[in-house]
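Engineer: Before anything else, here's the structure in question.
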Amino acid sequence: MAIIGAKEEHADPRLTRIAQADDIPWYKKPNLRFLYLILVPTGLGVEWTSGFDSSMMNSLQAVKSWTDYFDNPTSSRLGLLNAMYSLGALMAIPFIPTISQYLGRRRTILMASLIMCMGAGLQAGARNSDMFLASRWVLGFGIPFAIVNASSMIGELSYANERAVMTSLFNASWFVGAIIAAGTTYGTFQMESTWAWRLPSLLQLVPSAFQLGFMHWCPESPRWLVSQDRGEEAFAILQKYHSEGKDGDEFVRLEYAQIQSTIAAEKELASRFVWGDVFRDAAMRRRFLLAAVVGFFTQWSGNGLLSFYMKKILALVNITDNRTVQQVILSNTCWGFINAVPIALIAPRFPRRRMFLICTIGTAVVYVVWTIASARATIENSSAAAIPVLVFIFVYSPFYNIGWNALAYTYMVEIFPYQQRAKGIAVEQLTVRFAVFFNTYVNPIALDAIGWKYYIVYCVWILIEIATVYLLFPETHNRTLEELSFMFEGKEMQDKIQKNVDKVLDVELEGVKRRSSKDGIQATDQRV
C-alpha cells in the first residue's frame, strides 16, 4: 500500500481467479486474436503519431533545408515551434470528457484522426513559420482526444490476462512512429529542396490514416455501451471476445455483472458538473493527484532533452556533424524500440510500485553520471568525455521505459473507474502537455545559457520523483478493472458493489435457465 493516503481496499477477486485459471493462450482464441490484431492500427497506432512528431521535430534541427527555410530559428523560436504542439493539446483537454462520453471511444478517435490528417497536410504545405506554427497547433489539438480514448479502449476491450500488457504496449508503440520519422528524415536531410522536411511532415498523416481505415472492424468499448444503456450490445461483445477460455461463459456473466454494477454506482456518485469529480471527495482527489503526478513525471524525468534537443546535447560534448547527429538520433530511437517492447511485455507482470522505483532510481543514476561526463567535456575540453555521454544516453532508455513508458497508461486505466477514466487520462495529458510545453520552450534557452549545469536540475528533480513514488503510489497489480474501481472508497462501498453484482448475476442466471427450459420444450415438441 502507499504510505500516504487511506489504505486501498480491493473487491472480491472472483473474476481474477477465473482469468488466472484460464490456461488457453490468446493466440489460440480466434476472436480474441482478431481483436488484438485490429487494436494494433486502431489503438496502438495512435502513439505512432505522437512518436513520429517528437522524432521528426528532433531530427529537423539537423536538416539544413528546414533551418534555412525558417531563418535558422533561435532558441526561443525553436522552443515555440516545438511547444505549439503542446499548446494545441492543452486547449483540447477541457472538451475531452464530454466529447468522449457523447461519441464513444471509436468515433472520438476517428474525429481526432481527421483533425491530425488536416494538421499534417497543413504542416507539409507550410509557406512560412506562422503557417508551420498553425499546423503544429492543429496536430496538438487532435492528439489528446486520440490518446485518451485509444488507451481507454485498449484497456476496456482486452481480456483480463492480457490487459496490462496491451496497455503497456500502447506507450511502447511511440517508438514505431519515432523510428519511421528518424529514418525518413535521415534519408531526406541532404536534399536541397524543401521536400527534405515537407516529405516527413506529410508522412505524419499515415498513422491517423490507419485509424480511419481500420476502425470499422474494431468493436466499441462494452463499458461505454453499458453507460449508454445498450447492455445487450455490450454483452454480445464480451461474449464474442472474452468467452473463448476456460469457464468462459461464467467469466463473461460475472464480468458483465461487475460492469453493470460499478457503472450504476459511478453514475450515482458522479458530479453533474463535468469536471466536478476532480474535487468530489478524498478518493477522487487522490486519483486525480496521481494522474497529474504521473503525467508530469513522464515528461520531466529528463527524456524531453533527448526527444527534442539531441543536437544541442551532442554539441555540448563537441559532436556537431549533422550526419553524426542524425545517426545518433536514429540509432537511439531504434534502441528505444528494441528494449521498450520486451519491457512492455515483462514489466506488467510485476508489482507497479516496484517497477516505478526501479525506473526512477535508474534514471537518477544515469543523469548523475551523464552530468559528470558532460562537465568534464566542457571543463577539460576533453573529446573522450563524449563516449560516456553517448553510452549513458543509451543506458537511460531501458530505465525510463520500465516505468514511465511501460506502465503510465496501464496505471491510469487501473486507478480510475469507467465514468472518470477519460477525465483522469485527460488530467494526465494536461500535465504531460504543460511539462512538454515548458520543456520544449525552456530547455533550448537553458542549454544555451548554462550548458551542462542545466542537467543538475534534473538530477535533483528525479530524487523528488523517487520519494513521491515511494510515499504516494498505490499497488494495482493482478486485479481486473472492476475490482479496482472503488479501491479508495473503503470496504462499505466494496460490499455494496458486491451485493449488486450478485443481484445482476441472479437475474442473468434466471434468464439462462428460462432460455434453457424454453429450448428444451421446443425440442420436445419437435420430437413429438
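Heads up, residue numbers simply count up from 1 along the chain you see.
From the backbone N, Cα and C atoms, a Cβ is placed for every residue, glycine too.
Feature annotation from TrEMBL assigns domain 'Major facilitator superfamily (MFS) profile' to 39-477. If you look up TrEMBL, you'll see 78-96, 108-126, 138-157, 169-189, 288-309, 329-348, 355-373, 385-412, 424-442, 454-473 marked as transmembrane segment.
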Engineer: Going along the chain, which residues at least six beyond the ends of the transmembrane segment (169-189) come within the CB cut-off of under 8 Å?
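Structural biologist: Sequence-remote neighbours of the transmembrane segment (169-189) are 43-56, 58-60, 62-65, 150-151, 154, 195-197, 199-200, 203-204, 207, 322, 326-327, 329-330, 333-334, 336-337, 340-341, 343-345, 401, 405-406, 408-409.
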Engineer: Kindly state the mean pLDDT of the domain 'Major facilitator superfamily (MFS) profile' (39-477) in the predicted structure.
Structural biologist: 90
Engineer: Which residues of the chain, 6 or more past the ends of the transmembrane segment (454-473), have a CB below 8 A from one of its CBs?
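Structural biologist: 2-5, 289-290, 293, 297, 300-302, 305, 352-353, 356-357, 360-361, 363-364, 367-368, 370-371, 374, 443, 446-447.
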Engineer: Where among 78-96, 108-126, 138-157, 288-309, 424-442 do we find the most Cβ pairs under 8 Å to the transmembrane segment (355-373)?
Structural biologist: 288-309
Engineer: Ranking 78-96, 138-157, 385-412, 424-442 by Cβ pairs under 8 Å to the transmembrane segment (288-309), which is first?
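Structural biologist: Comparing 78-96, 138-157, 385-412, 424-442: 424-442 has the most Cβ pairs near the transmembrane segment (288-309).
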Engineer: What parts of the chain pack near the transmembrane segment (138-157), using Cβ distances under 8 Å and only residues at least 6 beyond its ends?
Structural biologist: 35, 39, 42-44, 46-47, 49-50, 53, 84-93, 96, 99-100, 105-106, 108-109, 111-116, 118-120, 122-123, 163, 166-167, 170, 204, 208, 211, 218-219, 221-224, 237, 241, 409-410, 412-414, 418, 421-422, 425-426, 429, 433, 481
Engineer: What else in the chain is close to the transmembrane segment (78-96), if you only count residues 6 or more beyond its ends and a Cβ gap under 8 Å?
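Structural biologist: Those are 53, 57, 61, 70, 129, 132-133, 136-145, 148, 275, 308, 422-423, 426, 429-430, 432-434, 436-437, 440-445, in sequence order.
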Engineer: By Cβ distance under 8 Å, which residues at least 6 away from the ends of the transmembrane segment (424-442) in the same chain are close to it?
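Structural biologist: Distant Cβ neighbours of the transmembrane segment (424-442) are 76, 79-80, 82-83, 85-87, 89-90, 93, 96-97, 140, 144, 147-148, 151-152, 278, 287-288, 291-296, 298-300, 304-305, 308, 408-409, 412-413, 415-416.
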